[in-house]
Amino acid sequence: MKTWVKIVFGVATSAVLALLVMCIVLRPSRVHNSEENTMRALTLKDILNGTFSYKTFFPNWISGQEYLHQSADNNIVLYNIETGQSYTILSNRTMKSVNASNYGLSPDRQFVYLESDYSKLWRYSYTATYYIYDLSNGEFVRGNELPRPIQYLCWSPVGSKLAYVYQNNIYLKQRPGDPPFQITFNGRENKIFNGIPDWVYEEEMLATKYALWWSPNGKFLAYAEFNDTDIPVIAYSYYGDEQYPRTINIPYPKAGAKNPVVRIFIIDTTYPAYVGPQEVPVPAMIASSDYYFSWLTWVTDERVCLQWLKRVQNVSVLSICDFREDWQTWDCPKTQEHIEESRTGWAGGFFVSTPVFSYDAISYYKIFSDKDGYKHIHYIKDTVENAIQITSGKWEAINIFRVTQDSLFYSSNEFEEYPGRRNIYRISIGSYPPSKKCVTCHLRKERCQYYTASFSDYAKYYALVCYGPGIPISTLHDGRTDQEIKILEENKELENALKNIQLPKEEIKKLEVDEITLWYKMILPPQFDRSKKYPLLIQVYGGPCSQSVRSVFAVNWISYLASKEGMVIALVDGRGTAFQGDKLLYAVYRKLGVYEVEDQITAVRKFIEMGFIDEKRIAIWGWSYGGYVSSLALASGTGLFKCGIAVAPVSSWEYYASVYTERFMGLPTKDDNLEHYKNSTVMARAEYFRNVDYLLIHGTADDNVHFQNSAQIAKALVNAQVDFQAMWYSDQNHGLSGLSTNHLYTHMTHFLKQCFSLSD
C-alpha cells in the first residue's frame, strides 16, 4: 500500500524484557512552535476528496530508447531518450472525438486503437468500444469496423495484426481494415470463455482480464478455453431503478465445488484456416485428477512454456513444449517437465512464480523456496533438483524484472533486513563469479525505500518508481551505467500542499515473541506524548501471502484518525504474511483463522505494555480477509477490544472461491479438512460478540465475498440475541466505490468516535 533514520535498541521494563524493538521514525514531527501554529490537521474531507493523492510515471515502452506517454493536455507523445526529442503522434482532439480513455500503438507504428465506453465488469475485466486510427492518412479506419462492446483487444508483437474477444469468442484481423477471421465458435455467456478468464480464474489465478498470448514474432496465438457449464452459480439481486430487481448470475466454484475445465490451444495466425487451433497436452501427472492452468510464457515462436497445478496446489508442473511442423502439433516431452512441490504448505507464494528464460531458449530463472525456506532466484538448466541458487539469505527475492545476456535485474527486501522494503538489484551473469549491485539502496535513502521498476527492450533504459516512505518520485535511468537521466514525476504540488499539514508520525518496529517476529507499523498523532494515554485502532488484513507493514507513502483515512482525532493506529504482520520465509508464511496452512487472530491479540497486549495505550479504548477493523480476522478477534473473549468493524468479511470458508480457499485450507471433506472449515466460522462465535460493539458492513452486489457471508453473521447474532450495528450498500460490489465510499468512511468515523468517547 504505502527521513531521517534512527535505530533504537531499548531495554524496557520487566514486563517487556522479552521484547526487542527496532524503530525507524519515518515522519518526524516538526519542532518549531511558530510553524505548528500555522499548520492544520488532516480532515476527513481531505481524504474523501483525494486532496493528497500522488502521481507515478510508468513509461509505455515501444523500443529500447523510446516510450509513449499522455501529456497533461492529453496528447499522446513519443519521446526518444537518446535524441531528447519528442513529438505528438496523436492529438487530444482525435482522442476527444471518440471520447477515448486509453490507446495502444501497433508495433509497426501505422495504427492506434482508441478505447472508449469503458464498462467495468469484475476486478480486472471490462468491456469497451474500440476505434482504429490510421496514422499514415490521419483518418479512422472505415469498413469492417470492430463490433461492440469488445471484451479484450491486443496487437500482435510485430506488424499490425489484431486479436480480439467478442461475446466469448476470439477473432483475428491480419490488418485493421480486413474482415475478421473467427477462431472459436463455442463461446457462450457464463458457459464457455475463450481468450478471457471466467470469474475464478480472473480473480484467483491469472489476475488479468485476458487469457490469450501472442508468440514473440506474432506467428502463433495461444489461448485458454474455460468451460463453466457444470459450475454452480451464485445469484444475487441488483436493485437498480426498475420496478423489479434483476438477478445477476455468476458461475462461481466455492470450496469443494466443481471447477472450470480448462484447455489450452495454439493457432498459426499466418494460415489460420489451414490447420486450425491445436490443443496443447496436459502433463500426465496433472491430468490424472482435477487441475489448474496457472500461466503461459512464450520462449520463441516455436517453443512455449505452460504451468499447471494440481487442485490441492502443493504441486506445480512447468512444461516446455515445441512445435512439430511435420505434424502441425505441439509436443511436450516428459524430459522437459519440471516439478515444484511444497511439503510444508502450498506451491509458491500467492501465485506460483513464472519463469524468465535466458537467451539459449531452454534454461530459465525462477523464484522458489530454497532449502532454508526462503524464496530465492534459481537457475534451472535441466531439472529443478539440479538448480543453481543465484540469491541466498534470510530475506526474499520478490520479482525478476529482466534478464539480458549479461545482467539480471530483480527486487528484494534484503537491504538492512526490513521485510517491508523493496530495492532493485543487478546481478552480472555474463561474468564469473557473478557480482551483485544494489541499484537503489542509496538513492534518496531517506525518501525512497520501496521501489519498483519498468524496463525498455534489452534493459537499455529503465524507470524507477519510488513509493515511499517519503513523497513518491519516478526517475529515468541508463540501463548500462544506472545513472539517473531525468526526473519523470516528483509530485511537487503534493509536497507544497503538505507543507501546512500536521501529518502523523509513522514508526516501523518489530516484536520478538516466542521465536516469532511480528513487524508492525504504528501511526502516532503529530503531538504524540508517551506520558499520555491514547485510544488504539488496529487495522488488519492478515490474509495469507499479504503484507501490510511496508515503507510506503500514504495519506489516507487512518492518517486522518491520527492527525485529527488523536488515535494511535497499528498494522501488524503476523503468521501467514509474506516475504519473511516459509516458516511464517506456511504457519497458517490448513488452519485459517487461528494464528492470524492470535498474533493481532499478542501485539495488542504488547502495545498496552508500552504505557501510552488506553486499554479501555481499543478497537479493530478490517476489510475482506481483514473483516474476517477483526470479527474473530472481537469474538475471542479476551476482553481487549471495546469495539470493531468488519467490512465485507468472509464468515465461512465454505462460502468462498475454491481456488483461493483450497490453496490454504485443503478440501471441505471428511477425509481432508472439513472439521477446521466448520470450526473457523464467525457464526460459531456469535455468543462472544455480546460484550463488544460490532459494526458489520457489506455491499449487496459483492461478486467476490458474497453478501451471504454477512447475512449469515447477522442471522447468527440475531439467533443469539446479540445486539450489533449493520450497514449495507445497495448494488455495491466488494470495493464500495463512488458515493458509497464517502458514506462508508463517514459512518465508520462516527462509530469509532462514539466508541472512544471523542467529541464531534
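Positions of Cβ are set from backbone N, Cα and C atoms, glycine also.
The feature topological domain 'Cytoplasmic' is assigned by Swiss-Prot to 1-4.
The feature transmembrane segment is assigned by Swiss-Prot to 5-25, with sequence analysis given as support.
Residues or ranges marked as topological domain 'Extracellular' in Swiss-Prot: 26-760.
Annotation source Swiss-Prot lists N-linked glycosylation site at Asn49 (among others), citing experimental evidence. Within the same chain, no residue at least 6 positions away from Asn49 (N-linked glycosylation site) has a Cβ under 8 Å from its Cβ.
Asn92 (N-linked glycosylation site) is surrounded by 15 other CB atoms, counting those within 10 A of its CB over all protein chains shown. Per Swiss-Prot, the feature N-linked glycosylation site maps to Asn92 (among others).
Here Swiss-Prot flags Asn99 (among others) as N-linked glycosylation site, drawing on experimental evidence. DSSP classifies Asn99 (N-linked glycosylation site) as coil under the three-state reduction. Cβ neighbour count for Asn99 (N-linked glycosylation site) (all protein chains, 10 Å cutoff from its Cβ): 13.
According to Swiss-Prot, the substrate binding site annotation covers Glu203, Glu204. Look at Glu204 (substrate binding site): DSSP puts it in a helix.
The N-linked glycosylation site annotation in Swiss-Prot covers Asn227 (among others). Using a 10 Å radius centred on the Cβ of Asn227 (N-linked glycosylation site) and all shown protein chains, the other Cβ atoms total 17. DSSP gives Asn227 (N-linked glycosylation site) a strand state.
Here Swiss-Prot flags Asn314 (among others) as N-linked glycosylation site. Other C-beta atoms found within 10 angstroms of the C-beta of Asn314 (N-linked glycosylation site) number 19, with every protein chain shown included.
Feature annotation from Swiss-Prot assigns disulfide bond to Cys321-Cys332 (among others). Within 10 Å of the C-beta atom of Cys332 (disulfide bond) sit 20 other C-beta atoms, taking all shown protein chains into account.
Sequence annotations record features per position, and here Swiss-Prot assigns disulfide bond to Cys438-Cys441 (among others) based on experimental evidence. Neighbours of Cys441 (disulfide bond), defined as other CB atoms within 10 A of its CB across all chains, total 17.
Residues near Cys448 (disulfide bond) in space but far in sequence (CB under 8 A, at least 6 apart, same chain), listed by position: Thr440, Cys466, Gly468, Gly470, Ile473. Sequence annotations record features per position, and here Swiss-Prot assigns disulfide bond to Cys448-Cys466 (among others) based on experimental evidence.
According to Swiss-Prot, the feature active site, charge relay system maps to Ser624 (among others). Of all Cβ atoms in the shown protein chains, 20 besides its own fall within 10 Å of the Cβ of Ser624 (active site, charge relay system).
The disulfide bond annotation in Swiss-Prot covers Cys643-Cys755 (among others). Annotation for Cys755 (disulfide bond): spatial neighbours Arg617, Ala619, Lys642, Cys643, Asp693, criterion Cβ-Cβ under 8 Å with sequence separation of six or more. In the three-state DSSP assignment, the secondary structure recorded for Cys755 (disulfide bond) is helix.
For Asn679 (among others), the entry in Swiss-Prot reads N-linked glycosylation site, with the evidence type sequence analysis. Within the same chain, no residue at least six positions away from Asn679 (N-linked glycosylation site) has a Cβ under 8 Å of its Cβ.
If you draw a 10 Å sphere around the CB of Asp702 (active site, charge relay system), it holds 22 other CB atoms from the protein chains shown. Asp702 (active site, charge relay system) falls within neither a helix nor a strand when secondary structure is assigned with DSSP, and so counts as coil. Per Swiss-Prot, the feature active site, charge relay system maps to Asp702 (among others).
A distance of 26 Å separates the Cα atom of Cys332 (disulfide bond) from that of Glu204 (substrate binding site).
Each residue contributes its Cα atom, and for His734 (active site, charge relay system) and Cys321 (disulfide bond) those atoms are 39 Å apart. Here the CA atom of Glu204 (substrate binding site) lies 33 Å from the CA atom of Cys441 (disulfide bond). Here Glu204 (substrate binding site) comes close to Ala657, Val659, Tyr660: these same-chain residues lie at least six apart in sequence, with C-beta atoms under 8 angstroms from its C-beta. Least crowded of the disulfide-bonded residues (Cys438, Cys643), judged by neighbouring Cβ atoms within 10 Å of its own Cβ: Cys438. With respect to Glu203 (substrate binding site), the closest of these recorded positions in Cα terms is Ser624, chosen from Asn92, Cys438, Ser624. In three-state terms derived from DSSP, His734 (active site, charge relay system) belongs to neither a helical nor a strand segment and is classed as coil. Closest to Asn99 (N-linked glycosylation site) in space, going by CA atoms and restricting to the recorded positions Asn92, Asn227, Cys321, Cys438, Ser624, is Asn92.
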